[in-house]
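What Swiss-Prot says about this one:
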{"type": "ACT_SITE", "residues": "Asp51", "note": "active site"}
{"type": "ACT_SITE", "residues": "Glu123", "note": "active site"}
{"type": "BINDING", "residues": "Glu47, Asp120, Glu123", "note": "Mg(2+) binding site"}
{"type": "DOMAIN", "residues": "5-134", "note": "domain 'RNase III'"}
{"type": "DOMAIN", "residues": "160-228", "note": "domain 'DRBM'"}
Amino acid sequence: MKELRSKLEKDYGIVFANQELLDTAFTHTSYANEHRLLNISHNERLEFLGDAVLQLLISQYLFTKYPQKAEGDLSKLRSMIVREESLAGFSRLCGFDHYIKLGKGEEKSGGRNRDTILGDLFEAFLGALLLDKGVEVVHAFVNKVMIPHVEKGTYERVKDYKTSLQELLQSHGDVKIDYQVTNESGPAHAKEFEVTVSVNQENLSQGIGRSKKAAEQDAAKNALATLQ
């Protein structure tokens with residue numbers, strides 16, 4: 001974590017007073033579960049807190065920037081900005097994916113590149129930063145890391161894998177593509193969905209995500225990787 005602390009200070013001028021908070025923010029549940037005897041804390045509670053402060057800050061930004069937009073339009077914009085694919089992108093932008101501690105099984109299954117894990121990590125970091133430095137420092141970090149991309153709209157550049165999969169399969173004839181939720185796990189504030197995509201009633205691939213739509217996109221992405 002020494003390298004992470006140096007990076008945060010160099011890139012963002014952030015020095016954590018409570019190093020345990022930072023360490024917890026970068027500890028996935030899979031790592032904590034594999035080291036239960038050490039009683040290691042994981043980042044789910046910090047994620048919960050970070051999600052709340054991020055919702056507030058983005059809501060405030062949108063409210064100020066778009067004084068003529070209705071509540072429904074503002075909600076849609078906020079959802080686009082704080083969805084897991086966007087937050088995972090910001091985690092990668094900050095280099096956070098290199099520092100998260102994962103269990104061996106999660107690491108082997110590609111967890112370090114999984115949007116749901118990296119999106120949660122970004123929120124957990126914000127939660128830890130809030131507790132250590134206060135909301136103004138979180139606000140400054142969000143303004144530096146996120147808002148420039150929000151202004152340019154680059155946070156929206158997420159591939160629609162479902163459409164790509166549909167176009168690929170239908171280029172070979174009529175097919176029936178179906179997405180089914182096969183598993184739900186996690187606490188109410190951090191649900192994780194597993195979705196299976198099938199073609200003509202034959203299972204093709206699976207995906208996971210913090211929402212059903214995100215899990216469907218992940219399943220379609222995995223299916224495309226298999227077919228192409």
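Placement of Cβ uses the backbone N, Cα and C atoms for every residue, glycine included.
Across the residues of the domain 'DRBM' (160-228), the predicted structure has a mean pLDDT of 86. Secondary structure from DSSP puts Asp51 (active site) in a helix. Taking the mean position of the Cβ atoms of Glu47, Asp120, Glu123 as the Mg(2+) site, the remaining residues of that chain whose Cβ falls within 8 Å of it are Asn43, Glu44, Leu46, Phe48, Gly50, Asp51, Leu87, Gly119, Leu121, Phe122, Ala124, Gly127, Ala190. A distance of 8 Å separates the Cα atom of Asp120 (Mg(2+) binding site) from that of Asp51 (active site). Applying an 8 A CB threshold to same-chain residues 6+ apart, the list for Glu47 (Mg(2+) binding site) reads Asp120, Leu121, Glu123, Ala124, Gly127, Ala190. Sorted by the number of other CB atoms within 10 A, the recorded positions Asp51, Asp120, Glu123 start with Asp51, the lowest. According to DSSP, Glu123 (active site) is assigned to a helical segment.
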